[in-house]
Ligand SMILES: Cc1cc2nc3c(=O)[nH]c(=O)nc-3n(C[C@H](O)[C@H](O)[C@H](O)COP(=O)(O)OP(=O)(O)OC[C@H]3O[C@@H](n4cnc5c(N)ncnc54)[C@H](O)[C@@H]3O)c2cc1C
Ligand SMILES: NC(=O)c1ccc[n+]([C@@H]2O[C@H](COP(=O)([O-])OP(=O)(O)OC[C@H]3O[C@@H](n4cnc5c(N)ncnc54)[C@H](O)[C@@H]3O)[C@@H](O)[C@H]2O)c1
């Protein structure tokens, strides 16, 4: 039957797209349903355009050291051109995605997907309604911006991050940015570098509860403050009024700020509007997340949920890992758990911060004896040559067993370097692997080897760091 599939996926963000590709590569007949722009939040309004701007911001920041390197001239930011650049990159990537889906024979259905029963999805779009059925379903409907009570988004004035990347830059460069989470921490710096004057409003200090060490957060704070970006704590957004000249931002303490536009970085919520999970026997929790087991099966065992719609972790990294687990479990019939503790995480701001595995508190709570291996980039020949020597590599390992428990990297390319720890095949031998190399020299990566070696010198853990006799 034309509309009968082995696997139907609702949502084409990183989770849904990756699941579709993996399903097709593993021999399944796959359909994917998307109601909006192919590629979801990450490609169109999240990771990809944000990272494009982060790169531009880094070039502008680096240009301040150009004169002492013997390079003359200065650079000026241009937000309009930067917006065009991210859009061109996003469109090119989207074209590559949709071409690849076509080549793999994945059936792309445009329209809003609603669950009719445990095996049927109704697709409603411009072309009317059609039903498709599948043996297995994956729900990958993602999340949308959380709008604080009393605030109404308005084009060019009160923006979600979706609007920031969908619509051309608003007039004016005085921006209030609400939220001290990841979005706030990244965009406060990026927009400043792109020529905006950012008033950054939040309750508590940025990235609290995100698992980074106090040392990492101090490095971030110093880098931000060097560039004139100040986190204004105890200044929660309470309301916003659009005026003839911009926006009057109202704060919980009664103060106001006059700006040209306001950007909301106030969290995201799982998206299940119009999905009708209950019609298929799928359960949703009190916060709106679809409930699954660690193997990503919902209460209806043949239906899986992945990515932002199932977990407050809400990163593309986790959505991609979930897709791999869900398709694996569908194809093999097994119950493998999605690897939450092994998925790395990164924040792209005035410095990059990345981590994988446990933080100190979790390690202690789980009964490990954590020891720290540390290497600072300030002595790395490569980092000194780059003129970018702040930050560190910090390894956390169990003193008695030598097991690598967690890794934190702060500094240039932290998000790339963290893969070296995330991909270590066995945490029990990871320290030996890192210390032994081989490494390219001079590189930033070899600091992971140096950090492992300090475990031997400082904690007497040589038996776990050097080759066995
Ligand atoms: C500004 C910003 C920057 C970010 N940067 C990063 C980053 O650098 N790294 C990182 O790891 N993460 C980042 N994230 C988070 C990341 O974008 C999300 O975690 C990721 O996109 C989640 O993927 P997903 O597949 O679960 O859902 P989404 O990407 O949200 O995709 C869900 C898709 O489902 C579609 N859909 C929903 N309901 C239906 C329906 N009923 N029928 C049909 N289609 C439907 C939606 O239109 C959407 O296209 C960022 C987020 C933001 C907002
Ligand atoms: N690099 C990445 O992986 C990346 C980048 C961006 C976003 N994301 C994901 O997107 C999601 C959304 O990010 P986010 O930063 O919006 O969410 P978040 O939950 O990390 O932070 C939201 C922040 O907004 C604050 N807030 C809420 N209401 C407020 C108000 N009225 N006034 C002032 N502050 C207020 C909260 O206290 C919190 O600090 C996150 O789950 C994140 O994982 C990931």
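Cβ from N, Cα, C; glycine included.
When secondary structure is read from DSSP and collapsed to three states, residue 441 (active site, proton acceptor) falls in the coil class. Other Cβ atoms within 10 Å of the Cβ of residue 441 (active site, proton acceptor), summed over all protein chains shown, number 10. Annotation comment: TrEMBL describes 441 as active site, proton acceptor.
Long-range Cβ contacts of residue 142 (FAD binding site) within its own chain (separation 6+, distance under 8 Å): 11, 13, 15, 40, 41, 270, 271, 307, 308, 309, 319. According to its DSSP assignment, residue 142 (FAD binding site) is coil. Marked as FAD binding site by TrEMBL: 51, 113, 141, 142, 143, 308.
Per TrEMBL, the feature NAD(+) binding site maps to 179, 180, 181, 182, 183, 184, 185, 186, 267. In this structure, residue 267 (NAD(+) binding site) belongs to neither helix nor strand by DSSP; it is coil. A simple way to gauge crowding: the CB of residue 267 (NAD(+) binding site) has 16 other CB atoms within 10 angstroms, across all the protein chains here.
The disulfide bond feature in TrEMBL is assigned to 42-47. Proximity of residue 42 (disulfide bond) to non-local residues of its own chain (separation of 6 or more, Cβ distance below 8 Å) is seen for 13, 14, 48, 316, 319, given in sequence order. The secondary structure of residue 42 (disulfide bond), as reduced to three states from DSSP, is helical.
TrEMBL lists 5-322 with the feature domain 'FAD/NAD(P)-binding'. Here the domain 'FAD/NAD(P)-binding' (5-322) has a mean pLDDT of 97 out of 100.
Annotation source TrEMBL lists domain 'Pyridine nucleotide-disulphide oxidoreductase dimerisation' at 343-451.
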* Structure fact -> Of 51, 143, 185, 308, 441, the recorded positions whose C-beta sits under 6 angstroms from any atom of ligand 2 are none
* To do: Can you figure out which of 113, 141, 179, 183, 441 (the recorded positions) comes closest in space to residue 47 (disulfide bond), comparing Cα atoms?
  => 183
* To do: Please work out the number of neighbouring Cβ atoms within 10 Å of the Cβ of residue 185 (NAD(+) binding site), leaving out its own Cβ.
  => 28
* Between the binding-site residues 113, 179, 181, where is the Cβ count within 10 Å the lowest? -> 181
* Near ligand 1, which of the binding-site residues 113, 185, 308 are found, taking a Cβ distance under 6 A to any of its atoms? -> 113, 308
* **Maximal Cα-Cα distance (Å) across residues annotated as binding NAD(+), namely 179, 180, 181, 182, 183, 184, 185, 186, 267** => 13
* Counting across all protein chains shown, how many other Cβ atoms sit within 10 Å of the Cβ of residue 183 (NAD(+) binding site)? -> 24
* Let me know the largest Cα to Cα distance in Å among the FAD-binding residues 51, 113, 141, 142, 143, 308, as an integer. => 30
